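Okay, so here's the structure we're looking at.
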Amino acid sequence: MTDSPFLELWQSRTVAIRERLGIGDQPNDSYCYNSAKNSTVLQGVTFGGIPTVLFIDVSCFLFLIVVFSIIRRKFWDYGRIALVSEGNSESRFRRLSSSSSGQQDFESELGCCSWLTAIFRLHDDQILEWCGEDAIHYLSFQRHIIFLLVVVSCLSLCIILPVNLSGDLLDKDPYSFGRTTIANLQTDNNLLWLHTIFAILYLILTVVFMRHHTQSIKYKEESLVRRTLFVTGLPKDAKKETVESHFRDAYPTCEVVEVQLCYNVAKLIYLCKERKKTEKSLTYYTNLQVKTGQRTFINPKPCGQFCCCEVRGCEWEDAISYYTRMKDRLMERITEEECRVQDQPLGMAFVTFQEKSMATYILKDFNACKCQGLQCKGEPQPSSHSRELGISRWSVTFAAYPEDICWKNLSIQGFRWWFQWLGINFILFVGLFFLTTPSIILSTMDKFNVTKPIHALNDPIISQFFPTLLLWSFSALLPTIVCYSTLLESHWTKSGENRIMMTKVYIFLIFMVLILPSLGLTSLDFFFRWLFDKTSSEASIRLECVFLPDQGAFFVNYVIASAFIGNGMELLRLPGLILYTFRMVMAKTAADRRNVKQHQAFEYEFGAMYAWMLCVFTVIMAYSITCPIIVPFGLIYILLKHMVDRHNLYFAYLPAKLEKRIHFAAVNQALAAPILCLFWLYFFSFLRLGLKAPLTLFTFLVLLLTILVCLAYTCFGCFRHLSPLNYKTEESANDKGNEAGAHVPPPFTPYVPRILNSSSSEKTALSPQQQTYGAINNISGTVAGQGLAQSPEDSVAAADQED
C-alpha cells in the first residue's frame, strides 16, 4: 500500500523539522537523562523531592490550621459571621434552618476546633437557604470532580503505574521517581498503546461525569426575570411613554406592565453609600452620648487617630456635630445629583410584560433570523414610533437578575467600553508575558553561578519545595491581578464579570503553571537560541528532553503545595485579613471602625475560584497518564478544597446571585483537561516514536476528532441564538417540571417595581421579595439587598456593595 502524496509531503516536512530540532528516528534516550547534569532543579533528590515536600507542606498546613483556629476565636469579625453577631447580639450566630432541627445555635463554633465538625454537619439544604443556588451548583461540581478522580486514581495506580514500573529504560533504583513515569518504557514496547487507550477512557469518563452534573443544574427561573427584556440602543431622548406605545402598537397581543429607563447613577450610588455610612456613624455617637451622657471628640483629619496632641490644623471636634455637618453636605449633593441624573439617560430600558410567553415572542422577533428568498432580514415588527426610536439599532435580551446588575457600570458603553477593555487587557498581557516560571529563574541562577557552590542547591528543600512554593505564590498572585483587571473592565452584570474572570484566570494559570514548565527549565533560552543563533554548537535542540523522567515530580510537588498550603491559606483568607487590619488601622473613629466591620464581608468570587480549581484539575489530568502518582495527591487537593469552600461559603462570604452560564462554562473548561492529556501523549509519541509510528497516528486521529467535536459544539453554541426554536422555553417540559417541583406562584403575576421614597430610612433593607430594576428613587433611597440572604444583616451588607 502506497502512501498518499499529502502524507508523503507531510512526512518529508516532518523529517526536516525533526532534523532541525536534532531529533532522529531513533533518539538517543541517554542524552536526555544525562544532559541536565549541570541543572540543580531535577537532580540529586530522593524520589523527586516528593517526600520532603510532602512533609514540609503538611507541617505548614497544620500550622495554618492552628493559626486560623486562634484567629477565628479571637478576631473572627472579618467576614460574614461578624455581620450576624453585630445585628443580633442577644442570640449570636443563631440562624433559621430549613432542616428538621429547626433553629441551630452556631455559637459553639467559635471554639478552637469545633468549626471542623460544623463543616461536616452542614447539609445542602442549609447551604441552599443561606448561600443560594450558585453555591450548591459549585459544590456539586466539586463532588463530581471528586468521584471522577477516585475512578482515575484507581485506574492510574492499579494499571498505569505497574505498566510504567515494568519498563527497564531507567535504572532499577527504587528511589528513582522516573521509574514511575512513561519515560521508563522503551519505544518499541506495545504497552504504550495502553496509555492512549486509558487517555481516551479518561476523556469519556470526564464527559459522563460532567454530563451528569449539568443535568443536575436546575434553576428556578423567576417570573420577573423571564418576563422582563433589557433593551439597548434607544435614542438618548426617548421617552418612557413612547417606548411603551411602540410595544403596544407593534405587538397588540403583548401587554406591557412597566417600562423603566436607565440613567447614569454611578455618582449617585457613591453619594448614597457615603450618606449611609455617615448616618450610621451619627447614630453610633448619638446612642453613645445618650448612654454615657458625655460628648465624644474626634480628629477627622487624615491619620488624625495617630495625633497624640492638638496642634494647629489638627484640632479635635465634636463627633455629632461633625457627622451632622457631613450628612447635610451629602444630602445637598445627592439632591443636586438627582436633578442632574434626569438629564443623563443611557439609551437603555427594562420592559416588563404580563407573561413570559410575551417576552419570549418579542425576543424571538428581534433576534431570530428570518430568511425571505435570497435575503435574510431581521427587521422586527414596526409601529408608528419605529423611526423615532430607531428599532433597527436595538439589541434585546432577557434581563438579568436585579441582584446581578452592576448599576454604576451601565454608563460605560460603546467605544469607550471597548477602548477601556482593550487597554486594560493589553497592559495585563504585556505584564504577565514576562512573568515566567520560577523553574527558569533557578536554572538561570545555575547558568550565571549566582549561588556558589552550585551543588549546594541540590538540597530537596531548595530544589523542589522552593520552586513549587514560588510557583504557587505566583499563581496565587495572578488571580488577584486578573480579578482587579476584570473589575476595571466595567461589566454590566456580575455573572458576565465572573465568567470573563474565570476564563482569563484559567488561561493565564494554565500557561504559567502547566505549559511553560512543561516546555523545559530553560525553554525560552532554547527557543531564542534556536531562532537566532545559527552557528552555536547547541543550536540543535533535543525537544524529547521536554519529557524528562523527573519532570512530573515538579507538578506533583505543585499539586501537594496547592492541596496543603493553598487550601490552608484560602481558609485563613490572609489577603482579606491583611486588608481588614489595614482598614481598621486607618479608620479615623470608632464609628468608622464599626463600619469597616460591617463592610468587610464580600460576595464569593465564583469565577476566580472555578479557575483556580480547574487549573489544578487540568494539571492532574494532563499528567495522570505520563505521571500517574500525581492523581491521589490531586484527589487530596479536591477533598480539602471542598471542605474549605463549604466553610467559607457558609461562614465567610455573602451569597451571590449569578446566571447558570458560569457553571456551564466551568464544565466546558473541565473538559479541556483530558484533551490536554491526549496532547501530552501525542507529543510524547511524536518525539519518541516518530510520525510514522502507528501509535502516533492513532493518537493524532483521536485528538483531531476530539478537537473537531469541540469546535462544532462551540460553533453551535455561538449561533444558537439564530434559531427561533431557542426561544420557546415556556414549552419545555423541563421548565414546567421545575416550576411544578418548586411550588412557585403562577408566572403571570404582574411586575410592579417597589420604588422607595427618598425619605426612607437607610437602615431598613428590602425584603427578599422586593426586587426592582433600579429606578432613580430606589437608588437614592435604600439600595436593594440580596434576595438570597436570609438575615437582615446580610441584606444590609449586600446593599452596601450594590453597584
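Every residue, even glycine, has its Cβ placed from backbone N, Cα and C.
Membrane topology of HIS123 relative to LEU711, as recorded in Swiss-Prot: same side. If you look at the transmembrane segment (661-688) against the transmembrane segment (554-585), you find fewer than three C-beta pairs under 8 angstroms, all six or more positions apart, and that falls short of contact.
The transmembrane segment (554-585) makes contact with the transmembrane segment (628-650): 3 or more of their CB pairs lie within 8 A, with pairs spaced 6 or more apart in sequence. Summarising model confidence by region, the topological domain 'Extracellular' (689-693) averages a pLDDT of 80. Across the topological domain 'Extracellular' (624-627), DSSP helix (H, G, I), strand (E, B) and coil residues number 0 helix, 0 strand, 4 coil.
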